[in-house]
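Enquirer: Pasting in a structure now, in structure tokens, and then I'll have a few things to ask.
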């Protein structure tokens, strides 16, 4: 059942910060590398275009949320009317002094006197139908607007995306730990294939890839057991993660700017302007970097003043687009070779004499470990729940045996990412695949099919006389076809690149 009314509300600026922090996450760490593959001119254009496409589909999700609220309100009103007609028929010859109580939308109770005013409120205050007062999650909207096949494809796409998330998190954490431990043999020009032969320590028989695998096993052994339980991310943990994230990104941009203007005697780095071969990498990375659609109901519903919601989303995307361009442009001109995880360009330097600067380098190198470790159990538990929804009847979950509920599905959630990461450490490949395939489904295809179905259902049930104040500015089917065509183009480009 959807959460009828948000328990806690927060002002608009808090919502602005939450949305910004949700979008600017792990994908931002892989953006500079993908940006360098495409070139700084072509990359800048693609970031702007992909930001605009993501913004469009966010407005589609918001419109669908309002439509889902409207349909629930309409069904509730029809039930009230039908109930009052039956009551009138039964009591037509009997004078009653009681006023039956009916459940309100927030779980409380209202009298007939307030219910009688509901049609008038809807008639004269049209936002009573279309609102964002009830938190209706993306899965609930899929159940409302999609058929059986559509619901299966939705949960399947979400599960694949979460599998990719866990793989990216696992590889990023293990790779960061490995590069801190193996700082002795860390080469700025070393590739992932070199890690198979390069030794981690001077007198060690273990290669850098062996240490990567050991770090991966330790990481999974520590955080993997959480998937067997229910763990919720606390507000304080979120605040600490946000502080770490902002500090790390600010320091990385500052160091890159210092390298640009502080080493005037060194020859300037001249990155390439455009390379079409890098487009597939950047497309997948940008889609992953602009992802927020699956969490919009939880973020937007508690906002107290929703009249400024459209300007809030627009400002967020403008700021994030500018932030990504700043991060990528400073990185591509400051470093001749950008690692697939940007923080790896700041690994501790054994020649560094300053304790303060060495501390900053360790902080940046371990930044993915701090932030991604707090999110890993939450993502794993979410994936476990979606897998159960996909294959089991969740209304009768307790009827299944203990092994299936508490052992099989938790293992099904964490074992595939471990196997994938055990044989590859390429974070940018994992981000590209996750973003281009599962990411296009969640960010592009699901929103356009949801809003198309929601518009048709609302027009047939409620009519076009009542205006949806949260309707997307991209109203016509032309925009839906444009996003659909863009999605197909992205998938074709990435698939051709993988087949080379």
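Using N, Cα and C of the backbone, Cβ positions are placed for all residues, glycine too.
Pulled the feature table from TrEMBL, pasting it below:
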type     : residues : note
DOMAIN   : 12-65    : domain 'Amino acid transporter transmembrane'
DOMAIN   : 136-455  : domain 'Amino acid transporter transmembrane'
TRANSMEM : 12-35    : transmembrane segment
TRANSMEM : 41-71    : transmembrane segment
TRANSMEM : 152-172  : transmembrane segment
TRANSMEM : 211-229  : transmembrane segment
TRANSMEM : 236-258  : transmembrane segment
TRANSMEM : 278-296  : transmembrane segment
TRANSMEM : 317-336  : transmembrane segment
TRANSMEM : 362-383  : transmembrane segment
TRANSMEM : 407-431  : transmembrane segment
TRANSMEM : 437-457  : transmembrane segment
TRANSMEM : 478-496  : transmembrane segment
Enquirer: Take the transmembrane segment (437-457) and find every residue of the same chain, 6 or more past its ends, with a Cβ under 8 Å from one of its Cβ atoms.
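Expert: Contacts with the transmembrane segment (437-457): 53-54, 57-58, 60-61, 63-64, 67-68, 71, 138, 141-142, 145-146, 150, 153-154, 157-158, 160-161, 163-164, 284, 287-288, 290-291, 293-294, 472, 477, 480, 483-484, 486-487, 490-491, 494.
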Enquirer: If I count Cβ-Cβ pairs under 8 A between the transmembrane segment (278-296) and each of 12-35, 152-172, 407-431, which range comes out on top?
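Expert: Going through each listed stretch, the top one turns out to be 12-35.
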Enquirer: Please indicate, using numbers and ranges, the residues of the same chain that are 6 or more beyond the transmembrane segment (478-496) and have a C-beta under 8 Å from a C-beta there.
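Expert: Those are 53, 56-57, 279-280, 283-284, 287, 432, 436-437, 440, 444-445, 447-448, 451-452, 472, in sequence order.
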Enquirer: Do the transmembrane segment (236-258) and the transmembrane segment (211-229) come together with 3 or more C-beta pairs under 8 Å, pairs six or more apart in sequence?
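Expert: Counting Cβ pairs under 8 Å (6 or more apart in sequence), the transmembrane segment (236-258) does not reach the transmembrane segment (211-229), since there are fewer than 3.
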Enquirer: Is it possible to list how many residues within the domain 'Amino acid transporter transmembrane' (12-65) are helical, extended or coil according to DSSP?
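Expert: DSSP composition of the domain 'Amino acid transporter transmembrane' (12-65): 51 helix, 0 strand, 3 coil.
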Enquirer: Using a Cβ-Cβ cut-off of under 8 Å, list the residues of the same chain that are 6+ residues beyond the ends of the transmembrane segment (407-431) and lie near it.
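Expert: Same-chain residues near the transmembrane segment (407-431) but 6 or more away: 26-27, 30, 33-34, 163-164, 166-168, 170-172, 174-175, 192, 195, 209, 212-213, 216, 220, 224, 227-228, 281, 284-285, 288, 340-341, 380-381, 383-384, 387-388.
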